[in-house]
Amino acid sequence: MVTTPTAAPRKPSKVEGIKERSNYLREPLATELLNDANYFTDDAVQILKFHGSYQQDNRDNRVKGQEKDYQFMLRTRNPGGLIPAQLYTALDDLSKTHGNQTLRVTTRQGLQIHGIVKKDLKMAIATVVNNLGSTLGACGDINRNVMAPAAPFRDKPEYGYAWDYANKVADLLSPQSGAYYEIWLDGEKVISGEEAPEVKAARQKDLNGTNLNDPKEPIYGQQFMPRKFKISVTVPGDNSIDVYTHDISLVVITDRHGELRGFNVLAGGGLGRTHNKEETFARAADPIGYVSKDDVYDLVKAIVATQRDYGDRHNRRHARMKYLLADWGVEKFRKQVETYMGKPFQSFKPLPAWRYQDYLGWHEQGDGKLFFGLSVENGRIKDEGDFQLKTALRKVVDQFQLPLRLTANHNILLYDINAQDKAAIEQIFQQHGVVTDPEAIDTLVRYSMACPALPTCGLAVTESERIMPSVNARLRDLLNSLDLPNESIVTRMTGCPNGCARPYMAEIGFVGSAPNSYQVWLGGSPNQERLAAAYTEKMPLEQLESLFEPLFVYFKQSRKGKESFGDFCHRVGFTALREFSHGYTAPAKGGKNRKNQRRVSLSDEMYAQLKARSERDNCPMNQIVQQALTAYLGK
């Protein structure tokens, strides 16, 4: 009898075993914290992430033949970007005494300190916790920092609901075993605020398998999630948090009286990918349905349980929930979530168009007080020459005891400001070389983002934060030379394909692919409503102008009205972009044409007809002219 061999069972990834053996995120981290080594082993590093820290190697300081320059990055978990004045002061002090003298606002509304050494790590985390902060769950295979619009409007109740539920969802999905407090605070649990009773009840409520038979971690169990998990809560129309990029996005739905009714639900977003691995990809979230406010915790637990139980624990490159939706399809995913939830989704509610907002400058809160949005280029709070942002911000926080809200575009909002303090606050920033008028900031800089990358991020293959200012400056010079001086384009850059600065949603995305080389993505929208696509696989930085000059010229010639560059690229398509670029000859310096370039004048009427036909047929003007001349001369 011939039998068909059965496939060998798939082996869980190495990290799954590390989590399972960790005793709920304790070991080997707790033991290794006590030794004299200046680093943790690979197994301990995996557990350290759950506690909000990454082990890094400063490659600028690395000496050939010597051991790595080990140091640690610490990241806060603060839903909705809230940083009380007391916490900011403590973080600023830590960065001076035990860090690299800077702070970094993240693209998930947290703060990072870089440069902490291992022997100071316990003290640093304890300092954060004792000053109204936390790092628990800021990293690792767990629900990360829950995002919400940072704007502190007091007269728009939907914003209050977004903040409230960002906090409650974060509490619902916070680890429960107590390992964090045992390791970093010797077992003393410090609580900055009481957990809402409905959150406690929701955590213990077992629907249809949402909870595991595990009293220590009823939602996560001892292996937690297959990979990182990201959630946002926003309000209709406000896309300051990149709504399509999360595992779950909840959209607050209110009635005409401003009372909360429920939430629209999107799921399956995620941007991380790997170069040359086509099975990995960026994905925008899908609308799933609507739930009433009474069902929102059940909904969140049902989606988490679906990913927990069906997400890929064998291949970490395929472990994010976006791949589950891609493999299953939205309908199968929706039905599984409904099975856990015990009831069907209602229909997705109509929404207005999404709009990116950065809230820079001065705004009324709606309660008689003001808030002020401060641009932080690439999120780095630092002092450098005459630019003394770190000093100025500390003076303002100390003098006025203002809380901060960090934005998803790594900027800062100071709020609860008395109107009479506005002039004094502006003066402090201006005296320290900080621009306070958002209209004075180049829009390329204002709307750009970059990840930290080199020298500290272990995944970076090239520069990002340190090179982005010069890239934006070169793009601006090029636009100016082409008589496009006021053009606003969303640019984003990462030093690797993991997508921390969300380059795949930008109009122009630079994704590090090799030293000083970038994959270029085009076609995202100014309001981050769709994914861009890879236009070229590897652009050396020295070829920046030669790549973008023909694209900008084509854009100038063939755009429709005030069409954005990203919308233009999406409309005409990459074939047309490449054809135009291939046939483009740049004018010689000094305004003289190259020998092989000829000019033919057209009447205004003929040019208008040519442009109209180009827009109607979605065809470049030079291609229409070429075809017409070929036909005419061939007679």
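Any Cβ shown, glycine's included, is placed from N, Cα and C.
Listed by Swiss-Prot as binding [4Fe-4S] cluster are CYS451, CYS496, CYS500; the candidate from CYS457, CYS569 that the record includes in that site is CYS457. The binding-site residues CYS451, CYS457, CYS496, CYS500 differ in how many other CB atoms lie within 10 Å of their CB, and the one with the most is CYS451. Same-chain neighbours of the [4Fe-4S] cluster site beyond CYS451, CYS457, CYS496, CYS500, judged by a C-beta within 8 angstroms of the site's C-beta center, are, in sequence order, PRO452, ALA453, LEU459, ALA460, SER464, THR494, GLY495, ASN498, ALA501, GLY512.
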